[in-house]
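Enquirer: Submitted below is the structure of interest, expressed as structure tokens.
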Amino acid sequence: MGKNVVVLGTQWGDEGKGKIVDLLTEHAAAVVRYQGGHNAGHTLVIDGEKTVLHLIPSGVLREGVQCLIGNGVVVAPDALLREITKLEEKGVPVRERLRISPSCPLILSFHVALDQAREKARGELKIGTTGRGIGPAYEDKVARRGLRVGDLLNMPRFEDKLRELVDYHNFMLVGYYKEPAIEFEKTLAECKEYAELLKPLMLDVTAELHDLRRAGKDIMFEGAQGSLLDIDHGTYPYVTSSNTTAGGVATGSGVGPMFLDYILGITKAYTTRVGSGPFPTELFDEVGAHLAKQGHEFGATTGRARRCGWFDAVILRRAIDVNSISGICFTKLDVLDGLETINICVGYKDADGNDVAPTDADSYVGLQPVYEEVPGWTESTVGAKTLEELPANARAYIKRVEALIGAPIDIISTGPDRNETIVLRHPFA
């Protein structure tokens, strides 16, 4: 029988999921996206060549791997088609292997306009969204007024529903936010073009996944963003609009939790965050600048600089519990090379010195991290392929993190290329 493996982020996103998905797809018949949209930015480096993917699953660069976009993903047709074109220009036969669930909600121009108008209106209180229409598209889905990919197949009905949606959202755009109205005819013309291009890619993804499962094929489920951005379990309201935790796999693909065999949590050896929201271990000194520079910490989707800080074992333990993590992949260990000492957050205290376990953004206010200091290392870890090649202090750091989080570190990434990896236990084994 084949195995179903989930790869997801355990922090605030940007943990290095794309590289690991690409590495593990050597064993997979299919890779599935199950939540989020083109707000994701998954960077792959193969033989020194960098590719950034936003909507298309990271298995696309592996010959013969089927790439599926499940019903939980919100699809911006213009962004998807641009991504397909870029890959085809590199010689990747995307349309042969990419299939999209007709149940995926569509992101259209008014969703983007609303997203950006809201962030503009919030001013300094903005959440820090990518401004790509993700949240408004999920809102339409939950309110049962949204248009889906499959609606493009019935254009007369689509036109009626689109007119209602444009009128509905223009009421807010013009009347409340004082922004320009979205043109119905222009939007309709764009959608007619999308319909012709997307029709050959539509497939009942849930049925396909169960066919693959029954045939004994290995399947990988690729998460976007990170567990602490989950709409339910993240640092609300500074979160994304989908379930980034393992529960989102079942709802976003139609494959139930009993069929998930291994959940791999991708975890940076330090911590980063993009945009607003609590970040207890954030560094504002030269160490923070070192992490940002060595880790090239700029968002693959937005280009925004990421906030950097020490590794936080408290938030990791929460992510491990919420996701039922089987094993951890520790990424960007090489970024810590050259640091004399390294801090690990092992708890938080409030103003009165009490131990606190925060559950939402407000409960982080005024908390101070409690650190355990461990020795760093001066030797390079870049490109190490066995545990024995790592400096003794790097191995000790990994062991200490394992003990603090209560989960095994099964994979260690020592560089951006797919071959710069130490695999201690393979998820598909």
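Note that Cβ sites are derived from N, Cα and C of the backbone, with glycine treated the same way.
Annotation comment: Swiss-Prot describes ASP14 as active site, proton acceptor, evidence class sequence analysis. Among the features that Swiss-Prot reports, active site, proton donor is placed at HIS42, with the record citing sequence analysis. Sequence annotations record features per position, and here Swiss-Prot assigns GTP binding site to 13-19, 41-43, ARG306, 332-334, 413-415. Annotated Mg(2+) binding site per Swiss-Prot: ASP14, GLY41, in sequence order, evidence recorded as sequence analysis. Among the features that Swiss-Prot reports, IMP binding site is placed at ASP14, GLU15, GLY16, LYS17, ASN39, ALA40, GLY41, HIS42, THR130, ARG144, GLN225, THR240, ARG304, with the record citing sequence analysis. The substrate binding site annotation in Swiss-Prot covers ALA300, THR301, THR302, GLY303, ARG304, ALA305, ARG306.
Surface or core, plus neighbours and distances: that's what I need for these features.
Expert: Note on ASP14 (active site, proton acceptor): other Cβ atoms within 10 Å of its Cβ, all shown chains, come to 29.
Secondary structure at HIS42 (active site, proton donor), taken from DSSP and collapsed to helix, strand or coil, is strand.
Within 10 Å of the Cβ of GLY41 (Mg(2+) binding site) there are 20 other Cβ atoms, across all protein chains.
DSSP gives ARG306 (substrate binding site) a coil state; it is part of no helix or strand.
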Enquirer: Within 10 Å of its Cβ, which one of these binding-site residues (ALA305, LEU333) has the largest number of other Cβ atoms?
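Expert: Max Cβ neighbours within 10 Å, all protein chains included: LEU333.
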Enquirer: If you pair up every Cα among ASP14, GLU15, GLY16, LYS17, ASN39, ALA40, GLY41, HIS42, THR130, ARG144, GLN225, THR240, ARG304, the residues annotated as binding IMP, what's the maximum separation in angstrom, rounded to an integer?
Expert: 34
Enquirer: What is the interatomic distance between the Cα atoms of GLY13 (GTP binding site) and ARG304 (IMP binding site), given in whole Å?
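Expert: Between the alpha carbons of GLY13 (GTP binding site) and ARG304 (IMP binding site) there are 13 Å.
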Enquirer: For the binding-site residues listed here (GLY13, GLY16, GLY303), which one has the lowest count of neighbouring CB atoms within 10 Å of its own CB?
Expert: GLY303
Enquirer: Specify the nearest of the recorded positions ASP14, HIS42, THR43, THR130, GLN225 to ARG306 (substrate binding site), where nearness means the distance between Cα atoms.
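Expert: So, spelling it out, the nearest of the recorded positions is ASP14.
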Enquirer: Between C-alpha atoms, which of these recorded positions comes nearest to GLN225 (IMP binding site): HIS42, GLY303, THR414?
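Expert: It is HIS42, whose Cα lies nearest.
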Enquirer: In whole Å, how far is THR414 (GTP binding site) from THR130 (IMP binding site) when you measure between their Cα atoms?
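Expert: Checking the Cα atoms of THR130 (IMP binding site) and THR414 (GTP binding site) gives a distance of 29 Å.
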